[in-house]
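Q: Sharing the record's features from TrEMBL:
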DNA_BIND  52-120  DNA-binding region
DOMAIN    52-120  domain 'HMG box'
COILED    98-151  coiled coil
DNA_BIND  157-224  DNA-binding region
DOMAIN    157-224  domain 'HMG box'
COILED    206-233  coiled coil
Amino acid sequence: MLLTAPLLSKSSFFGSLVNKCRPAAIANFSVTASVASTPRTIEEKLGLPPRPKKPLTPYFRFMQDQRPKILAENPKYSTIDIVRVISKRWSNADEALKKRLQEDYKRDQQKFVEVRAKYEAKMTDEQRSELKQLKQDIQEAKDRRMMRKRIKELGRPKRPASAFLRFLIQERTNSPQTTKQTYREWHQKCTEKWARLTDKEKEVFLIESRKDMESYKKEIAEWEEKMVRLGNIDVVRHGNLIEAPEPKLKGIKPIV
């Protein structure tokens, strides 16, 4: 079997993502090493051989040939300038050249279809399932990023900081992280300090948090009402779109 490389489990894959998202203070590897070791394709993330690549279209074959020539003639050209020149040259290119590039593309496309069929035929059901799940996870993560961006652009009010987070912000000034501490160690120390605070000491942060939360609730309600009027239903919390049931009147029997 061609695809004999071990598969990574879903949990181990996301575990690696969590490690990459940790603060730089606790990272034990250099940026260069991280970039070099990061898989570039979905298949590589699962420990599979790279999937056969689709051949370049005639236009991109032309672009690949022309780009170094244009850069040699005009070293200061930006990417946009280069694309404009290539587009113009392609429009004026000889039809015989375009026909040859098209024939090369068709020939390589046929080879690609054959190689891809052999590649997929050697995949196990487990590998197909893992690949499908990973693609789905990546798409869902992309959708969440797009939604967060959309919500931000629409000006959704920001949720206020919790009492503990306000305490952390204060500690960054009063007891900042030392050069000998990792962020995890500093955070753990703050957590332990928070646990030792009396209810009266915590009340200062709790009062501020509650006050801001009340204002936030009013702001988010007004914003969501505005979003509904504008037709942006997708950014409104689902619970707020459900109409409340009609109240039942006591003492009145239903009409049969």
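Glycine is treated like the rest: Cβ placed from N, Cα and C.
Describe the structural context of each listed feature in the structure shown, including burial, neighbouring residues and relevant distances.
A: Across the DNA-binding region (52-120), mean pLDDT in this model comes to 94.
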Q: Please report, as numbers and ranges, the same-chain residues at least 6 past the borders of the coiled coil (206-233) whose CB is under 8 Å from any CB of it.
A: 154-163, 166, 240-241
